Amino acid sequence: MTLTPHVYWAQRHEEIYLRVELTDAQNIAVRVHENVLQFRAQGHGAKGQNEYKFSLEFLLPVKPEISYKSTQRQVNITVRKEQHGWWERLIVQERKPVFLAPDFDRWLDESDAEMEIRLKEEKRNRLKASRHQEDGFISLKTGFLFVYNLVQFLGFSWIFVNMTVRLFIFGQDSLYDTFHTISDVMFFCQILATVEVLNAAFGVVRTGVIPTLIQVVGRNFILFIIFGSLEEMHHRPVVFFVFYLWSAIEIFRYPFYMLGCFNTEWKTLTWLRYTIWIPLYPLGVLAEAVAVIQSIPLFDETKLFSIPLPKVIDTSISFSYILYIYLVLMFLGLYINLCHLYKQRKRRFRTKKRKAN
Ligand SMILES: CCCCCCCCCCCCC[C@@H](O)CC(=O)SCCNC(=O)CCNC(=O)[C@H](O)C(C)(C)COP(=O)(O)OP(=O)(O)OC[C@H]1O[C@@H](n2cnc3c(N)ncnc32)[C@H](O)[C@@H]1OP(=O)(O)O
């Protein structure tokens, strides 16, 4: 005697779903030939562990390729309709066989199914639109970062090359007029560098705000307050050392970022970006500290930026006190940024190694 399993069905405009109630089905044979689906399998059904089979002649043409998935409780079969449309019933015979019933878990009537299609379509369109928006934002961000890094690279390269050439041509004399030849471009680059704090704050780049703030505020303090406001500092060799050390890292850092904008890297450049800060950063802070120390008597003499006290006391608080505090802050800043750069270096080379494995 042929045993038939319970079969439940539902449809969409493009597909037919069949759920065959057989537990632990094995040796499943299912195929569609000339719109007739034939199914045979062994499993546990309404009549216990047995071989079960059934066949269905579909009402309208279907594609011969079918897909099925057997789970512990049932076999799910998906058949694709030859033509997109809604069928009034599943099979050719008007009287449905007793083993066949609607699958109410998946059942939709035609208007529900149309609504489902519309919702899917809308979801797809929304996804597409947000992807377009995202792509637009990413390319705008990449373009902005690339131009920013390029401008900084050109600025710092000009500074570095100019100072090197002048050193070769004028020797020691070039140390005394660095400020006059270089300061305009350095002012421009360092004002522009405040963009890096905003980039970090608004998540445009993946980096911490504090290290960037320390870097930008630290340099701008030296550039604008110590060098910019005291003419007596302009001819000191310390300007040369500070500017040279600052630009020496930037001629590697910015091209590294430029390549990063296109997800590209040049290993030597990456190594230089994450390595030469090791000698340059402490030397840079040392040069900046020398500049601050040299400026202290000048601020005392000129009383520039001193804070006046009430007339009866007839004195003022010299700016040099602020500079002593700043000297302490500098070494605190140096410590924070050395730790940050060390972490960034470890992260970069660890990731690279993992990728290589
Ligand atoms: C709170 C204020 C208190 C003020 C107190 C003042 C204290 C004073 C302390 C003074 C210390 C300053 C001394 C300093 O002036 C001395 C010198 O500069 S000497 C010369 C040597 N200097 C250096 O080597 C430092 C150079 N500067 C830097 O490295 C950065 O400015 C720093 C913030 C320190 C670290 O950079 P960052 O955190 O950004 O690390 P990464 O380069 O690894 O970048 C992280 C990821 O972000 C991507 N990124 C970053 N910037 C850009 C960009 N412009 N364009 C594109 N992409 C960018 C980068 O690719 C990384 O992405 P991923 O991880 O995906 O690779």
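Cβ atoms here come from the backbone N, Cα and C positions, even for glycine.
Annotated in TrEMBL:
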DOMAIN    2-91  domain 'CS'
TRANSMEM  145-165  transmembrane segment
TRANSMEM  185-205  transmembrane segment
TRANSMEM  212-230  transmembrane segment
TRANSMEM  242-262  transmembrane segment
TRANSMEM  274-299  transmembrane segment
TRANSMEM  319-342  transmembrane segment
Taking pairs 6 or more apart in sequence, does the count of Cβ pairs under 8 Å between the transmembrane segment (242-262) and the transmembrane segment (319-342) hit 3 or more?
no
Do any residues, 6 or more residues outside the transmembrane segment (319-342), come within under 8 Å Cβ-to-Cβ of it, and if so which ones?
208, 210-211, 214-215, 218, 221, 274, 277, 281-282, 285, 288-289, 292-293, 295-297, 299-300, 304-307
Could you pull out which residues elsewhere in the chain have a CB under 8 Å from any CB of the transmembrane segment (145-165), counting only those six or more residues past its ends?
174, 178, 181-182, 185-186, 188-189, 192-193, 195, 199, 204-205, 240, 243-244, 246-248, 250-251, 254-255, 257-258, 261-262
